[in-house]
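Undergrad: Here it is, the structure in full.
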Amino acid sequence: MIRRPLRPLARVLRARDEGGNPDAIAAENLRLRHEEMRDRARARAEGRLLVLGFFFFVAFLTIGVRMGALAATEAEEPRAVANGNPIINQRSDIVDRNGRVLATNLDTHALYAQPQQMIDPAHAAVELARIFPELDAEELLEDFTGNRRFLWIRRQISPEQMQQVHDIGDPGLLFGPREMRLYPNGPIASHILGGASYGREGVDSAEVIGVAGVERYFDAWLRDPANEGQALELSIDLTVQAAMEEVLAGGMTLMEAKGATAIIMDVHTGEIVAMASLPDFDPNDRPRPLTEGDQSDSPIFNRAVQGVYELGSVFKIFAVAQAMELGLVNAQTLIDTRGPMTWGRFRIRDFHDYGPQLTVTDVIVESSNIGTSRIALMIGAPRQREFLGSLGFLEPTQVEMVEAPTGQPLLPQQWSEISLMTISYGHGLSASPLHLAQAYASLLNGGHRVRATLVRQDGPQEGERVVSEEVSAAARSMLRQVVTRGTASFAEVPGYEVGGKTGTADKPRPTGGYYTDRTISTFAGVFPAHDPQYVVILSLDEPQQFVAGENRRTAGWTAVPVAAELIRRTAPLMGLRPEIATLDPTGVTQTASH
Amino acid sequence: MTEMVHGVAPLASGDPVLPRWWRTVDKWTMSCILMLFAIGLLLGLAASPPLASRNGLDPFYYVSRQAFFGGVALAIMLIVSMMSPVLVRRLAVLGFLASFAALAMLPVLGTDFGKGAVRWYSLGFASFQPSEFLKPGFVVVAAWLMAASQEVGGPPGKTWSFGLTVILVALLALQPDFGQAALVLFSWGVMYFVAGAPMLLLMILAGVVVFVGTVAYENSEHFARRIDGFLSPDVDPTTQLGYATNAIREGGFFGVGVGEGQVKWSLPDAHTDFIIAVAAEEYGLICVAVIIALYAMIVVRSLLRLMRERDPFIRLAGTGLACAFGVQAMINMGVAVRLLPAKGMTLPFVSYGGSSVIAGGIAVGMLLAFTRTRPQGEIGDILGRRGR
């Protein structure tokens, strides 16, 4: 910037020469410059003030127009914008194999309060306490008169209760629609279904989530709106399940057992037609897990899937079948059964002394521990482990229940020769009854591996072969003879040709060793033996029956009669026709036509 | 210096104060202000009883308080408007120094009334917000500095005033009170604009604002959410803004009727930041249009009167006061109709608030004093006395 001198030198010098006052000239000059500057500033300011005025005018006009536009539109009811995932209702039903409802939804209401909107909190509190006796009027009043703006009073109320609350007439008491999971059959199939509870909860709806069983395992599927209300079809047959639970409960009472479990499985498809565990519960009101003590004592514990037990002599058929499959023995091979058999510091005894030797068939029929051990020694530990693995005993079952992975079999740390022998007659390896069911099904259905499933199947499973057809048939024949002339004679059900094996296992003490007076008695069977359709497993926990002057704990006296009753009741329900042989003098056996 | 340049105002010294004031004051602006105050009381009758009932007070407690403070404010406004610009300047500078000291002492002696920002002194019977009083004082001081810089050989007043602005904005932002800080910055900007900001600087400034805004939008989640919420066509009806918008819609053109409004029960700030929503709901678009027209009238008319003003100090100070007043009203109403992002700001003279209404009275009094008709030396122009 070029600065102008404050005093115009030329004029000042001339004025000085002429004797004038140079200061006046300087002052005049200054005034003129000042005015010039001001005029410039004022002209600019005028323009800019005009711009400002225009800006404010337009701004206020815009606000006015906008106000007018808003005033011209209709008001909306204030409603919260749903944020996040909307809560989707319409959980799919669960039905049995014939479409009968096992779990469904019921429209109900939840009751909540907005104390700020209450007219007479004291009256409302008293009335609520009258309608819901478990509520306390004073606590309610405290909640209603405090600073709370919102509180849930009841998660579910019945229509009658809703009407009564409605009649209180307080605007601060409000109802939220709910879908409630309902199990119309009560405790039937309780362990399979599991139960459901509320997840995320809003005023308008709440999320129903499965907490156990298939409800939990299929939770995502059941909640998926893409299924469009399609029901989940289980393999369960509701009538068979109901009959099983009735028979099992009766048997448990009769045998003074503290628990019981049973499974009926289709040998070809692996479908679980019925599966029960006692004691049970009502999934509409699922009990909480025990906070102390042994979880296996809780009613929500599923003995069939979660419980792993040493199942005893029912395992003998595996050793015999494997030995036959390997060509080591046949049904008539004689096995040395002199006892007691000593192996290192262990001694293996039989229930009775069966003499010096028995055929392989009689080892099964008489249930000889020594005979089975000798057969196992022929097989050897690695091959036994591999064979049991092919039957599914080395890993948890893959049945569609969230509890299935907890049914982890207990295996010996070292599969030594003594383990080999004890496992051959069912000790030293703990597995769940469901493991046993799928192994029996695989072994006896002709030799194809099947895996247990709770979902309805359309056809047989074509699993890998575990034994040949012939070995499978021979095994069935031996099991049939156990019933006709062996330890499971009470299992005979006329017309259904039941074959099976008993197992009486001493329960292990938690401190080591075994109890002498507590057993798990198991019957594992198949029917009909010549054309296998179903495997039945029935196990009683600590049963005893006082017969003929002594307490009997063996399966033949406890589990077997119950299993027979179970087959008698359920086989007709599953469409099996009894085959009755008439006492025809000509010796011709008439069979009912197929 | 004003007298030196323009000569003394040609008024007899014996001329009585009141008639002279009545002759020269801008009666239109003054009537608008009185009407605004009346409307404020009317809306207070509608908007503050819910607050009073929440605080367990007499329903018209806040209305009577507002009437009292409003009376005081009007008296102050009249007295101030009778003062000469020089006297106004001197008092305003003193007032500025006092309120600046009060502002600086806030972190030590102030209280936050549980609202998270330390902006107030508690005086027992009333609270006192220094920043409200600071604004008119600041405008006068800044205008004085800028006007001084327009003298030949004057001090670099624009730079000094800018420094002052920065200090004030920093103090206010520390409270934090970004609304007042923005108002201070805005009034300075307007004065600087009128005092002759270079065009190039203005353009650079606009560019910087756009750039900083973009960077902030992309980097600050909080800021982006605010802007997104503002830009999105749907407003969540459960927010204050949603209630306000709904109230305006509910009111329609003629309102739902006196005392029938609902929004005052749901909005905690119905008597201050969202009083325009109460007005719209109960009295309809008509009332709102009148309010807007009054504000527009005051601001635009004052600015137009200031165009004729030749004294740079008076021009700048008047501009700053009028614009601060106008922009505050504009922001308040702009937020309610969602033309602007949410920012709490009171509606001058209408919203409830003791120190706000008194400070408003002072500011408007000054504005009236500055916009009074004065001899501007036009005769001199005509006679060519100034030899141009």
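Cβ atoms here come from the backbone N, Cα and C positions, even for glycine.
Okay, these came from TrEMBL:
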TRANSMEM  B:28-47  transmembrane segment
TRANSMEM  B:67-87  transmembrane segment
TRANSMEM  B:93-113  transmembrane segment
TRANSMEM  B:159-178  transmembrane segment
TRANSMEM  B:190-217  transmembrane segment
TRANSMEM  B:283-304  transmembrane segment
TRANSMEM  B:316-337  transmembrane segment
TRANSMEM  B:349-370  transmembrane segment
Undergrad: Do the transmembrane segment (B:190-217) and the transmembrane segment (B:316-337) share at least 3 Cβ pairs under 8 Å, sequence separation 6 or more?
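TA: Contact criterion met.
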Undergrad: For the transmembrane segment (B:28-47) and the transmembrane segment (B:159-178), decide whether they are in contact, meaning at least 3 CB pairs lie under 8 A, counting pairs 6 or more apart in sequence.
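TA: Judged by the Cβ rule, the two regions do not touch, with the required three close pairs absent.
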Undergrad: Mind checking which residues reach the transmembrane segment (B:67-87)? Cβ under 8 Å, same chain, six or more beyond either end.
TA: 2, 17-18, 21, 25, 30, 33-34, 37, 40-41, 126, 311, 313-314, 317, 354, 357-358, 360-362, 364-366, 368-370, 372
Undergrad: Sequence-remote contacts (6 or more beyond its ends) of the transmembrane segment (B:349-370), Cβ cut-off under 8 Å?
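TA: Hits for the transmembrane segment (B:349-370): 25-26, 29-30, 33, 36-37, 39-40, 43-44, 47-48, 62, 65-66, 69-70, 72-85, 88, 92, 95, 126-129, 132-133, 135-136, 139-140, 271-273, 275-276, 291, 302, 306, 309, 314, 317-318, 321-322, 324-325, 332.
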Undergrad: Six or more residues beyond either end and a Cβ under 8 Å away: which residues meet both conditions relative to the transmembrane segment (B:283-304)?
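TA: The answer is 26, 28-29, 32-33, 35-36, 39, 248, 251-256, 258, 276, 318-319, 321-323, 325-326, 329-330, 333, 350, 367, 371.
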